[in-house]
Amino acid sequence: MKTKCICELCSCGRHHCPHLPTKIYDKTEKPCLLSEYTENYPCYHSYLPRESFKPRREYQKGSIPMEGLTTSRRDFGPHKVAPVKAHQYDQFVPSEENMDLLTTYKKDYNPYTVCRVDPIKPRDSKYPYSNKMEYLPTYKADYLPWNQPRRQPLRLEHKYQPASVRFDNRTTHQDDYPIKGLVKTVSCKPLAMPKLCNIPLEDVTNYKMSYVAHPVEKRFVHEAEKFRPCEIPFESLTTHKQSYRGLMGEPAKSLKPLARPPGLDMPFSNTTEFRDKYQAWPTPQMFSKAPITYVPPEDSMDLLTTVQAHYTYPKGVPARSCRPAPQIRKSGRFEGSSTTKDDYKQWSSMRTEPVKPIPQLDFPTEPLDCLTTTRAHYVPHPPINTKSCKPHWSGPRGNVPVEGQTTYTISFTPKEMSKCLASYPEPPGYTFEEVDALGHRIYKPVSQAGSQQSSHLSVDDSENPSQRKLEVSA
C-alpha cells in the first residue's frame, strides 16, 4: 500500500508538514523535490510554458569523416633534413724553433742611462721686502664711474587718505540681529487621554496551542579505533635498499696531482727580470751627530722663550692688527639712507572700515514669538468617536437550503460536507509509521475498505468530544 503524509491527506489546503531546512533525521542521500516555491505555488496543467528564446541547433554534422590534415600540413610538405657537418680543424703541429722571448716594447724602445734628477723646489723667500707694494686692480683701472643724473621713480601719485573717524568695531551681524531675551514657548505635547481598554493582551497563539515537541534522537558520535602497534620488528629497510643492491667493483683511484712533478729538482730562483735590470742605487750612509751631554744650568730659569729672547719688535712697537674694529651696536635707529628708502617712504597705515550694504529691510524691534503658521492658526478640537456601521455578528449560520429559482439553485448540486483528515491528531483509517528526514509524518492506511469508509465523514463528527480538531497554521 502507498504511504501518505499530512501534505497528501489534507483536502482543505491549510495543513502541511514542517519542511525542515536540514535533514537531521536523514541517514541516506535521497534528493528532496519539495521546496518553498513548489509548496506555495502549485503548477497549473492547463497553462503551457512559453517557448525558449534560445536559438535551435540547426547545424547537422556531416556523415563524411573529417581528414586529419591541417592547412600547414597540406601546403608545406616535409623536406629531407640532413645533419649539420661540423668543421674539422687541422691538427696542431708544434714548431721546433726556439722562442726569442722578445716583445714589441724591447724592439722599439732602446734603454738609456738612468741618473738621479734633482728635486724642483722653489726658492726660499727668507728675506721679505720691507717696501709697500703699490697696486691697482684691473676692475678699477678699466671701469670708471659715470656722472649720470638721478632717475625719477615711475610710481603712481599717492592719493589715498584714510578716514579720520574712529572705527566702532561692530559687525553687520551685531547691527541686524540684536540680542533678545528668552521667549516662553507653548508645549505641543498632547494631553494624557484615558485608556479605552484595560484588558491585557493575550499572548496565546495557535502555534503555542497546537505545537507538539518531538523527541530528538541522540547525536551519533563516531568513536575512533584504538591504535594497535605492529608486532613485527622494524628492519630499517627501504624499497630502495631492497631493490638496488650495491655491486662489488674496483676501488676509486685518486685524481690528485703529485706533490712535485719529476724534472723540477733545481732550486727555485727568486730573481726576476725587473730585479736583474733595475738594481738598487748605492745609498750613502746618513750622517748622525753625536748627542751633547746635558749639563743642567746653575742659574735660575728666566722663563723666556727663544722668540722672546732673540726676536724683538722693530722700532720697539708691536705690529698692528689688520682686522677691522668690531662695530658697536647702538640702540638708536639706523640713519643710513638708500635709493629705495628715499623713494618709498613708509605709509601711515589706518584700519579701513568695512563696506556695509544699505539695509533694505526694516527689522522689528520686538522679540520673535517663535510661533509657526500651524501653531498660530491651528485650533485643537476634541476627538470624536465615530460609530461603527459594521453589522453585528448573528452567530454561525446553519445549513439552510437556498430559496428562490436562480441559476445557482438550478445548477447547484448539494454535496455532503466532509472534514479534512489532516485536522485530526490521528487521521482515521491511517496509522502513524515514521517521521521522514525532512520532517514529514508518514501514515500507512489500515485497509483499502476501511480507508474509503473513513474518508466520507459527516459534519456531526466534529461535535464528538473524543476527537479534538488539530489547527495547524498554513
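One-based numbering along the chain as shown.
Cβ atoms here come from the backbone N, Cα and C positions, even for glycine.
Here Swiss-Prot flags 30-64 as region 'Mn 1', drawing on similarity to another entry.
The region 'Mn 2' feature in Swiss-Prot is assigned to 65-97.
The annotation region 'Mn 3' is assigned in Swiss-Prot to 98-131.
If you look up Swiss-Prot, you'll see 132-165 marked as region 'Mn 4', on the strength of similarity to another entry. The region 'Mn 4' (132-165) scores a mean pLDDT of 79 in the predicted structure.
Residues or ranges marked as region 'Mn 5' by Swiss-Prot on the basis of similarity to another entry: 166-199. Taken residue by residue, the region 'Mn 5' (166-199) breaks down under DSSP into 5 helix, 0 strand, 29 coil.
Here Swiss-Prot flags 233-266 as region 'Mn 7', drawing on similarity to another entry.
Swiss-Prot lists 267-299 with the feature region 'Mn 8'.
Among the features that Swiss-Prot reports, region 'Mn 9' is placed at 300-332, with the record citing similarity to another entry.
Per Swiss-Prot, region 'Disordered' is recorded for 318-350 (among others).
Feature annotation from Swiss-Prot assigns region 'Mn 10' to 333-366.
With a cut-off of 8 Å between Cβ atoms, the residues of this chain six or more beyond the region 'Mn 12' (367-400) that come close are 180-181, 183, 185-186, 188, 193, 459. Marked as region 'Mn 12' by Swiss-Prot on the basis of similarity to another entry: 367-400 (among others).
Per Swiss-Prot, region 'Disordered' is recorded for 444-474 (among others).
Taken from Swiss-Prot, the feature compositional bias 'Polar residues' applies to 448-457.
Here the region 'Mn 5' (166-199) has long-range neighbours at 351, 353-354, 356-357, 359, 363, 367-370, 375, 383, meaning same-chain residues at least 6 beyond its ends whose C-beta is under 8 angstroms from one of its own. If one looks beyond the region 'Mn 8' (267-299) by at least 6 residues along the same chain, the residues whose Cβ comes under 8 Å of a Cβ in the stretch are 116.
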